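Taken from Swiss-Prot, the feature ATP binding site applies to 155, 156, 157, 158, 159, 160, 161, 162.
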């Protein structure tokens with residue numbers, strides 16, 4: 001075991017001197033005891049970032065450096081940061097170095113995995129292009145997710161990002177028997193706490209809590225930048241284990257990918273790198289690429305990632321969101337205007353898109369129904385000014401029909417969620433893709449022109465609409 005001594009502390013950056021010829025490798029984890037954090041031994045982890053000459057390294061701390069003094073002993077673990085992986089992590093909250101922070105005792109994991117590793121080699125990657133069915137109508141129809149793909153989730157505060165994430169976790173557990181991993185990167189601790197409590201209270205079909213199928217890895221706003229820039233990698237290591245060792249289709253949620261970049265830029269400046277555009281780190285695209293390339297389908301299983309993306313000052317050309325966009329297969333945009341209409345999930349069908357919506361992938365029927373739905377909704381949007389000024393009576397008969405169908409489509413895009421059952425009083429619905437396509441096709445073909453539009457609101461498939469209509473008629 002190689003032992004070094006602290007020579008300098010600059011905020012979250014710590015310089016350590018080692019005996020000549022015994023320098024730890026870049027990305028190795030070093031451990032020491034910081035009495036200011038707790039009385040536990042080896043409670044502070046440092047990650048080697050740079051070699052400074054023959055005997056000194058510059059490291060980034062994963063926790064507070066308050067209380068460190070020069071001359072303190074630091075030992076080299078000889079390997080990268082290792083986190084516990086496997087079923088023992090489900091239902092637990094861990095921090096960036098895999099220590100449980102939910103006060104529920106230690107994690108008795110049989111295996112640990114390094115947070116840094118190479119993406120799967122080409123020979124192991126799956127070349128099959130498969131749709132990842134979520135059971136949520138608007139997503140499956142308009143912006144289908146790719147198995148092993150990356151999805152950007154855009155939305156302001158209070159439009160339903162968390163509920164959508166909860167429902168996806170629930171549906172993955174139900175439909176695919178799969179697990180989810182949630183990385184809380186630089187967001188509010190209160191939100192992380194709320195998510196844990198909501199997942200503990202929401203129930204799966206078999207009555208067990210949603211949390212029993214998810215692992216939560218948190219590095220929130222109050223953490224040093226070292227922890228925030230690495231916590232997404234810790235979560236990815238947990239997800240990769242379920243994919244590679246247990247052959248599962250895993251959902252990885254990252255909230256928020258912008259904070260990952262932001263933390264990287266804080267660390268970069270402290271390491272003395274010359275900043276590039278807008279003050280971001282010069283290694284921005286390399287760091288993002290190293291993270292995103294590990295999210296993929298292999299011949300054993302897949303990691304599908306849903307990433308919430310904060311857009312600073314609503315500027316889509318900012319280097320941080322722009323770098324993330326390059327990796328996305330689909331975007332799901334949540335709209336406040338739609339949530340104000342009481343339509344949940346508040347996904348904007350005209351703004352959301354996916355590379356999977358291609359007739360060669362999803363088939364001619366799915367593609368044409370999705371495009372017809374968008375055309376109808378776009379026409380309705382164009383007519384809204386006329387309706388607001390002159391009223392419905394001034395429209396042609398054709399346009400009146402378009403408006404009536406568009407309003408039914410809009411209502412039918414809503415759906416009762418399992419995890420929101422306690423708010424809506426309605427049982428959640430998981431709608432198979434073929435039922436979704438058939439339902440929208442019937443509306444577009446005018447087969448349901450006689451049905452009142454309120455019968456389309458918060459239902460599952462088209463059979464529910466017909467049942468609701470006949471119930472009202474009787």
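Glycine too: its Cβ is placed from the backbone N, Cα and C atoms.
Feature annotations (Swiss-Prot) mapped to structure.
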residue	record	Cβ neighbours (10 Å)
155	ATP binding site	22
156	ATP binding site	13
157	ATP binding site	6
158	ATP binding site	11
159	ATP binding site	23
160	ATP binding site	21
161	ATP binding site	23
162	ATP binding site	19
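Shown in sequence order, 334, 339, 346 are the same-chain residues outside 155, 156, 157, 158, 159, 160, 161, 162 whose Cβ sits within 8 Å of the Cβ centre of the ATP site. Residue 155 (ATP binding site) falls within neither a helix nor a strand when secondary structure is assigned with DSSP, and so counts as coil.
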